[in-house]
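Engineer: So that we are looking at the same thing, I have put the structure below in structure tokens.
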């Protein structure tokens, strides 16, 4: 992968009118919650939706563009991410506003917990589950994030997005094509904001529901570790953690990566993990679960980027 400076020079003049920040060769370990992985060739932090649209129109389609939010659900490989990584920041995409008696509009970089807090302030029930999800709205929309039996799709009215050419699209709930931890909306779309619908509720009842979510999370999840959240989706009819535990993988280590002793569907960086450590651990767990029960676990964490040149990659990687 060539340097970010080289890429910017090739596009000299095309990006001069942007108001956001362009930073070449930025370590993704500073962005992701795992604190591991190689660099983004160029990191772009747009000022707002208009600035992002201008950027998309200016960058040739053959140049890769990858969008990330607050980095909670990402595993970046050690060879880095070619092209541009777009990170939506709180300044331009992190606001949440009450737009009617029962509706909230949130930017794609708004932390899930901030949406829960705004709903509490507005007296709207149905958003308490976000209080326990370590992520942002963009990721929640893309993967239909959920917890405690509630999912994002239950609250979405419409989603605003930009396509690769910088054109605006407004998607209805049906357009998002939601399923368990999945949206079938085009992967080329960049979500910029969402309109939610809640139901009026009592402040104390909403607050109690949020407190219960927080207590549960702190009791059973390694919230103070470097982790990306749930590693694998729950298979039909069972829980990922149960299958991982039955396969003897609780506490399993590869290098500086470990399956949490506290919650074995959470992978943690104990301090020295590389992207390869983390991915190899995850694939080792998948292989052992398949061998033990015949169940194929599917990654919930998004893996991206290149393997480091010359890096020894285990033969089973990606087979399951």
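Cβ atoms are placed via backbone N, Cα and C, with glycine included.
As annotated in Swiss-Prot:
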- 35-216: domain 'FAD-binding PCMH-type' (DOMAIN)
- 181: active site (ACT_SITE)
- 230: active site, proton donor (ACT_SITE)
- 300: active site (ACT_SITE)
Engineer: Give the mean pLDDT for the domain 'FAD-binding PCMH-type' (35-216) on the 0 to 100 scale.
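Structural biologist: Over the domain 'FAD-binding PCMH-type' (35-216), the predicted model scores a mean pLDDT of 95.
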Engineer: Taking the Cβ of residue 230 (active site, proton donor) as the reference point, list residues of the same chain whose Cβ is under 8 angstroms away and which are at least six residues distant in sequence.
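Structural biologist: Looking at Cβ-Cβ distances below 8 Å from residue 230 (active site, proton donor), excluding near sequence neighbours, one finds 240, 265, 266, 300, 301.
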Engineer: Are there any residues in the same chain, six or more apart in sequence, whose C-beta is under 8 angstroms from the C-beta of residue 181 (active site), and if so which?
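Structural biologist: Looking at Cβ-Cβ distances below 8 Å from residue 181 (active site), excluding near sequence neighbours, one finds 143, 144, 145, 146, 233, 300.
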